[in-house]
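Going by TrEMBL, these are the annotated features:
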type	residues	note
ACT_SITE	A:D400	active site, 4-aspartylphosphate intermediate
BINDING	A:D400, A:T402, A:D823, A:D827	Mg(2+) binding site
DOMAIN	A:24-89	domain 'P-type ATPase N-terminal'
TRANSMEM	A:83-101	transmembrane segment
TRANSMEM	A:283-306	transmembrane segment
TRANSMEM	A:326-352	transmembrane segment
TRANSMEM	A:880-901	transmembrane segment
TRANSMEM	A:913-933	transmembrane segment
TRANSMEM	A:963-982	transmembrane segment
TRANSMEM	A:1002-1020	transmembrane segment
TRANSMEM	A:1032-1055	transmembrane segment
TRANSMEM	A:1075-1096	transmembrane segment
Amino acid sequence: MSGIPLVRVPFRKQKKNEKERCLQANNKEFNEKFEYEHNAIKTAKYNFFTFLPLNLFEQFQRVANAYFLFLLLLQLIPQISSLVWYTTVIPLALVLSMTGVKDAIDDMFRHKNDKQVNNRPILVIVNGMVKEEKWLNIRVGDIIKLQNNSFVPADVLLLSSSEPYSLTYIETAELDGETNLKVKQALVVTSNLEDNLEKLSNFKGEVRCDPPNNKLDKFTGVLIHEGETYALDNEKILLRGCTIRNTDWCYGLVIYAGQDTKLMQNSGKTTFKRTSIDHLMNVLVIWIFVFLIGMCSFLTIGHGIWENQKGYFFQIYLPFEEEISSSALCIFLIFWSYVIILNTVVPISLYVSVEIIRLGNSFYINWDRKMFYIPKNTPAQARTTTLNEELGQIQYVFSDKTGTLTQNIMTFYKCSINGRLYGDIYSMTGQKVEITQDTEKVDFSYNNLADPKFSFYDKTLAEAVKKGNPMVHLFFLCLSLCHTVMSEEKVEGELVYQAQSPDEEALVTAARNFGFVFHSRTSETITVMEMGVTKVYDLLAILDFNNVRKRMSVIVKTPEGKVILFCKGADTIIWELLHSSCKPLQDITMEHLDDFAGDGLRTLAVAYRELDEESFQKWIQKHHRASTAVEDREEKLGLIYEEIEKDMMLIGATAIEDKLQDGVPETIVTLMKANIIIWVLTGDKQETAVSIGYSCNMLTDDMDDMFVIDAKESSMVLKQLRSARRVMKPDSFLRTDPVTKLISQSEKKNFILPEEVPNGSYGLIIDGHSLAYALEEDMELELLRTACMCKSVICCRVTPLQKAQMVELVKKYKNMVTLAIGDGANDISMIKAAHIGVGISGQEGMQAVLASDFSFAQFRFLQRLLLVHGRWSYIRMCKFLCYFFYKNFAFTLVHFWYAFFSGFSAETVFDEWFIAFYNLFYTSLPVLALSLFDQDVNDLWSLRFPELYYPGQNNLYFNKKEFVKYLIYAIYTSFVLFFIPFGTTYNSVRSNGKDFSDYQSFTLIIQTSLLVVVTVQVGLETTYWTAVNQFFIWGSLAMYFSIMFLLYSDGLFLLFPQTFQFMGTARNTFILPQVWLIIALTVAICLLPLIVLRFLKMDLLPTQTNKILAKIRECMKNPVPPPARTKLRRTSSRRSAYAFAHQHGFGALITSGKNMKSR
Amino acid sequence: MERNSNDVRGLLSRMPDNTAFKQQRLPAWRSHLTAWAVLPGFFTTGAFFLGMGILLILSAKSVKEIEITYTSMCSNCAKLRENASNFYKECTCSVPFFIPEKMPGNVYMYYKLHNFYQNLRRYTISRNNRQLLGEDITNVENCAPFQRDSNGIPIAPCGAIANSMFNDTILLSYYPHSSTRINVPLLSSGITWWTDKHIKFQNPRSNNLPSAFTGTTKPPYWRKPVYQLDPENPENNGFLNNDFIVWMRVAALPTFKKLYRRIHRTGPFANGLPAGNYSFDIAYNFPVTVFKGEKGVVLSTVTWSGGSNLFLGIAYLTTGAVMWLAAFSMTAVHLKMKKRNIVSES
């Protein structure tokens, strides 16, 4: 639904530099002078008329296509045309049209998407009337009306809203991935406009502000209204991509539209990603060009020598052509003739075939039911179809935390009240029982305000509540009072809570379900339904949360008249503030907290203190004084808070589960086994990030050490990084250390940092502040060295930019394939920076998905994407490329050998039709089937043995060495293909006495042998023979023979005697037993060394992969065992801490009463 | 009930189909190089290759063949031909030779050229099949550099191939006794491909062959026009001349032999050529020394596998032997490694 394309228009005209933006509300003429960008976005490239010229122009910009065009032009020169024109035109036309069709379809989708976004409805004020318009018609200076839950179509200045003080709540999930609500407030002068259409349409405010930029959190400008100037900042701006929440309506003045909006500016340039195999392929194509030129030069020299020694004398039978004056020119022309003949070493169909294979393998991803997420009806999606094989080569995974590893759902999971632990359930025999989906939930039917989505399993707690256990009641009362949640009762009996952090919501919801329902609040009261009885508590003070205090308290006056302080906060902090009499309870609770932490739960301690009226009055006066202080208000308030938050009585502790997505720990373990290094980059705070690190097994207790880099200045960061490295690898500080040497010696920025082995397993936690220093140029290598030696790296509180910088850092110095996975808009930069970006789909925000190359709904699908689809794609692509280069070299190089016997005269050794069809029809389908269906082991096994992923990471199956191997093999093949028929036909006759060595028979024998050899070769590479493979392989052979007989038939010859010269050759040649003997012999000689080498290599030098494959084959003989689930135990003794959102609470807003509707 | 199932379908509307193709579960046969497949395969194919090699060698050995290179023997004729001004001078040359063993069965006579490049690119394309089909006798397209004579009259048959046609005549004589001489009867029929003779080459439609070729001229190197190639057999003239058709099927390699005549098995030659003294009487017309070429005549019998070429047999024998060698060494390695693996596993 929220599909806002992020692709920037490539052909956008560059506008003149804007220094300052100046606009007037409701003044079209004035605003039009500046020619600001309209709100329509255009991502499509072509229209109906420009498609053909533009697309062709683009296609010929590709080196390969341009090369073939050049060849075609060469072939039009009769003196050098060694091949007829159709040998090049047929493949080129096919390639161009296939790419063209694909581009056209892609562009049609973009048109559709643009149209959908541009045509969304929006309300605009025109001449004092609210009129419905489409998004694309919005202009800068328009005043628009936004309604609840609607998207903001452009960057607008908030003028007024339905809420008091013109507050407007927005959700910025699409922009920064945060799902909590944010508040924006309009200027007083504009909020007076309210929804008075007359006033609004007469509003003539002038805005002067920054030119369009990509800073999401910065806006400076002024509003000039009726002669007065008002400052504008980010608090008054609603950005495109936000969603209006909890606000019935609001009005805004459009400031930036279309491409100028911060969202579009932020989307950055969509760089065209290419895989490492693409790069390698380009290098190889250059090698091949060089090889081609070398060969042609060699043959040209050969021709020169031949002309000199033989050709000159042979002129009586073949005089030089009249137009060609000198033999030098003749020799020069031969060079080009050979360029034409040997052009097939750079196969034109290579690029198209590669695209087809990738497309096919992308479809498998879209079709995979095991990556379909049923609850969200979301299939996996390969959004970029050109990166598949790189999925099989990933070495670094950069993951976001919230929404990616976790569900971003907090659930109240356990608690400890007055020394008793609730939440575990036990069987009859007293054994602890694992909670599963089938476990019976506590029945909350006694409470008609209960939230049906809440579930809890331990019945004893509900019983304790029903029995009226005072401490339990106190515990839940505390939870229902001590928070800054806002409630809304839209329908009678249906409460909706709006919380700043999901933790708070979880606690309040738990209290609600157990019978302490937080119902509503005003700035002075909190209404709670206690076990069905409505009670109103006077809210005396909110002692709000901040990062230093790590706690929050409320002071309330109960209906009975008691003044009580309720406090919840990080256990370590609360412990200091407890009354000494709590010591025994403290110890028991401590044990429970350790228990919770071991389960990876987020814990809070809960305490209370009864105050006497008198001392409270004294305190509140001090508080009042401090809260009106102008200087150091925060600090002063903090001191005042401390005065009263002491001698508290412990009630208990809560344990909240930051629910991991299903299968996350298992997935991480599997990926780690596949040698994939996972770094978590999160905007969350350190404690949460670390606790998630433990719960998903990235950090374990058996790690030798965990380093925390949290210094606040550059030198300290460096010191911490160095000391970490000193622990992990003391040798690395020696001058003799190879890596240190390399770094000190290399001046250039682009060198590859080698792998370093630490002396144990370590974890690294680094926070955003330190990262800012560490990512600077002088320290980035230090950071990378330390980080790469650690088993797990967690970066917390990082900005979107830093996420991208981390990815870039690894890309720059490590030469390894990176993958970034995330769900929010704050992950976009990293998703775009990484070689492969993966978006988690199915959530609210779609920005990450739109920027991503692959998307699916659950993190756990990553292992299937990499280990199954990626691995298969990689292997298939490698097999394809090896085979493809092989078959073309074997095909082309036969010409080379023939040159020695044909006076280097650029005579082809094949029928021209064979040359035209070889790549297109005769040999394309079997290898296509191979690269679409082949699987050495099935998906279960490749998940079971993640080690099978290594070869892809180390790029073992297709690299320069493999290429050279196949090149040598192809040279050998072409040698055999030429000299076996040569030796056999030389001086030989047919069994009926007629001569055997005529050119056409010779040609037919060689091309048939070639075709059989390469077809058998593809059969040898195929490990998974589906019916399609069989059909294509046998079909190709059958097709070859039938086309041969067709092309060599009487009918075609009589119609075009010059074009189909080979008439009768097939009939006269295939009847000879020698021909079949030659074919059998060439196949045997070609394949013999390959099979022997492969066999011996498997026996003598088996790779790790060979061994695993052998093991799998052994296992497959027996029935498949159930996939062994990695048993995960969280043995952590780590303690997580208070987990509020890392902002101030709404405390100040609540007590000021600003956000309360007047009643 | 129905609504319910609709709901379910709506909820899972984007669920991919559960087909074997889409889920990559197509039934398939897995192949890989196991010892059980490779080793027996090597042994059997090796055996086949060895056997076939022996068979081929034996059959090639059974072929009786005599080859005589006459360029040097007729050196005065060769010298004469080096000068183009002697074009119309006749020069004959007799080459005596001895057949030590009887040549049984069908005997074929070939002419053999060394160093003659019928496979040069410009040479091979210098012909016009449409003209040779008799459809358009003046069509000389593609025939450069022999399209028209100096007067602009189209050449028939045009092109470099036709122009350079081998035009020696070779007669074979048998001397049962030193004084008696018997001309060995030679057949010029049955030396071409059926498809060439009946489809690819056609004379222009006319009752009178010479008139059919009016408006064209003979190739410059020819002594006689195309319709007078065989004075003895009127059927064997024009584009349908057997020697012409054989020549027009260009050779792949610079050394080649082409079928010239078949020995007519009548009289004393009913069972082939008896051992004894023979001679070739050659009308030496075709210059070869200019380009350092050589000419020869070959008499040969044939078997099912062709002529006397041993190459295929030796190649088969060698390949078979190598296969067995490979098979033995692979077996040895495999057994050894298996043993070691078992030891190391236990």
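Positions of Cβ are set from backbone N, Cα and C atoms, glycine also.
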Inset, instruction - For the domain 'P-type ATPase N-terminal' (A:24-89), give the DSSP counts of helix residues, strand residues and coil residues. - result: 33 helix, 1 strand, 32 coil
Inset, instruction - Do me a favour and check the Cα-Cα span between A:D827 (Mg(2+) binding site) and A:D400 (active site, 4-aspartylphosphate intermediate); whole Å is fine. - result: 7
Inset, instruction - For A:D827 (Mg(2+) binding site), list the number of other Cβ atoms lying within 10 Å of its Cβ atom. - result: 36
Inset, instruction - Go through A:D400, A:D823, the listed recorded positions, and name the one with the sparsest Cβ surroundings, counting other Cβ atoms within 10 Å. - result: A:D400
Legend entry - Stretch in A:83-101, A:326-352, A:913-933, A:963-982 most in contact with the transmembrane segment (A:1032-1055), if contact is a CB pair under 8 A: A:913-933
Legend entry - Listed stretch, out of A:283-306, A:913-933, A:1002-1020, that has the most CB pairs under 8 angstroms to the transmembrane segment (A:963-982): A:1002-1020
Legend entry - the transmembrane segment (A:1002-1020) vs the transmembrane segment (A:880-901): 3 or more CB pairs under 8 Å: yes
Legend entry - Residues from the same chain, set at least six apart from the ends of the transmembrane segment (A:1075-1096), whose C-beta lies under 8 A from its own: 969, 972-973, 976-977, 980-981, 984, 1005, 1008-1009, 1012-1013, 1016-1017, 1020, 1069
Inset, instruction - Could you check what DSSP calls A:D823 (Mg(2+) binding site) once collapsed to helix, strand or coil? - result: coil
Legend entry - CB contacts for A:T402 (Mg(2+) binding site) [other CB atoms within 10 A, all chains]: 24
Inset, instruction - Would you kindly give the Cα-Cα distance separating A:D400 (active site, 4-aspartylphosphate intermediate) and A:D823 (Mg(2+) binding site), rounded to the nearest Å? - result: 7
Inset, instruction - Kindly assign A:D400 (active site, 4-aspartylphosphate intermediate) to one of the three DSSP-derived states: helix, strand or coil. - result: coil
